[in-house]
Amino acid sequence: MAKRILFREEARKALEQGINQLADAIKVTIGPKGRNVVLEKKFGAPQIVNDGVTIAKEIELADPLENTGAQLMREVASKTNDVAGDGTTTATILAQSMVREGLKNISAGANPVALRRGIEKTTAYLVEQIAAHAKPVEGRKTIAEVATISAGNDSEVGEMIAKAMDAVGRDGVITVEESKSLETELDVVEGMQFDRGYISPYFVTDSERMVAEYENAYLLITSNKISSLQDLVPILERVAREGRPLLVIAEDVEGEALATLVVNRLRGVLNAVAVKAPAFGDRRKAMLEDIAILTGGQLISEDVGIKLDKVTLDMMGVARKITVTKDKTTIVTDGSTKAAVEKRVAQIRKQLETTDSEYDREKLQERIAKLAGGVAVIKVGAATETELKDRKLRIEDALNATRAAVEEGIVPGGGATLLHLSKGIPAFKAKLNAEEQVGAEIVYRALQAPLFQIAHNAGLEGSVVVEKVLEKEMPFGFDALTGTYVDMFAQGIVDPAKVVRSALQNAASIAGMYLTTEAIVVEKPEPKPAAGSAPKGMM
């Protein structure tokens, strides 16, 4: 395939057009008065969303040059979403502003490499400042406030997430499911989560969220490595006859065995997903036994004289629901094994009392928390399928934001933190050389963009709102819902520090890469062959 190569100004301009198209579609969603975006679906009803990363994933531009720019911007959103679970729209707005300002300076003759260094140094300074201004999350009220803001000012969601954290603890497992009713409700069930994901991405059932989800599944729990097809076939046949999904937890699944599971899953013969067993050595065996007890199954191991090909259905565990992502597996059970779980927890507590090792103590406490903590399930209800999907996305965002807040603390929300921190840039800039100072200036201007857009979406003049907030000190900001200038902490308008930090770092990273781009190589569209003339009819 022939390639098309563009250089310097022309290359950057083409990328910028793609960046702007994607950013303009996303930035209308920011703030309490942000608008929705409708996504056309090839099959089924269109999806109405208010979530930056979901919109970014849907956008594919016809022009390959512009599409390359859009993909760069998509990277900002998805990277921020992966790290912090929220703040994707803020990251996109910051990146677009840095790119626009940077391009102006490069056109005027600035050195792109020095600009990038200036942007990186200023961002590192701001990250330190964000950490310095962050307040630790204390009490249920703050958790509810963080969740409410992230869910688009839905206080019912905020209250529910605070309740869920009360039920299972701050480090507990909280999952979001679709409800059959109109109501959104909270349920605390028996279950466990461990840090291992699917072995192959071909196991996913939802390619948008990259997760494998099944209900009423069998679990094959083994400490062996599975590579031979002969070992696996009898089990697969038994499970397939039942018409239920299968989760395989093993030391490893490879070769013919893995290929068979993937092929059966893709052909729809048997819904299966394989994950590696958590932990290592003796601790791995103990955790597999915990999972077996929780799900009412048996640990299949040659140590206890059970071979894989002799496994029957009553030796397998059962889960009400399983959710597997690329790095986590969540198992939710129906509570029928409660007595056995309590017995197991008591046994681990006895071990805890007799151990002298600090490391062993920590790991035993971790096992108790996993077994006894349970899983809080938020069941999302709505009147229509479209509303249900939007509400579920908002709740997942709010949950991620709340976890991020617990981790690194909170800062004033609504774009106020970034704006107030920009006041320190002129003094910091003095430490940089003349060329790097231009990079610092680019970041300075970009920090005004999120609040400008929040005000703009609320139907106000962004630059006026920015000026008024700059006149006041941290933690004052603009409440776009009421149109007033308030103390953001007192009003409960807060953002997790981790979300603000990740948004800024990812925006600066992509902007720096873009500004130092000197050439772009894309595929050249092949000319379509001219249509042949129609055959002449018979006389």
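Cβ coordinates come from backbone N, Cα and C, glycine included.
Swiss-Prot lists Thr29, Ile30, Gly31, Pro32, Asp86, Gly87, Thr88, Thr89, Thr90, Asp479, Ala480, Leu481, Asp495 as binding ATP, and of Gly139, Gly414, Gly424, Gly439 the one it places in that same site is Gly414. In three-state terms derived from DSSP, Gly31 (ATP binding site) belongs to neither a helical nor a strand segment and is classed as coil. When the binding-site residues Thr29, Thr88, Thr90 are compared by the number of other C-beta atoms lying within 10 angstroms of their own C-beta, Thr29 comes out lowest. Here the Cβ of Asp86 (ATP binding site) has 32 other Cβ atoms within 10 Å, regardless of which shown protein chain they belong to. Within the same chain, residues at least six positions away from Leu481 (ATP binding site) with a Cβ under 8 Å of its Cβ are Pro32, Lys33, Asn153.
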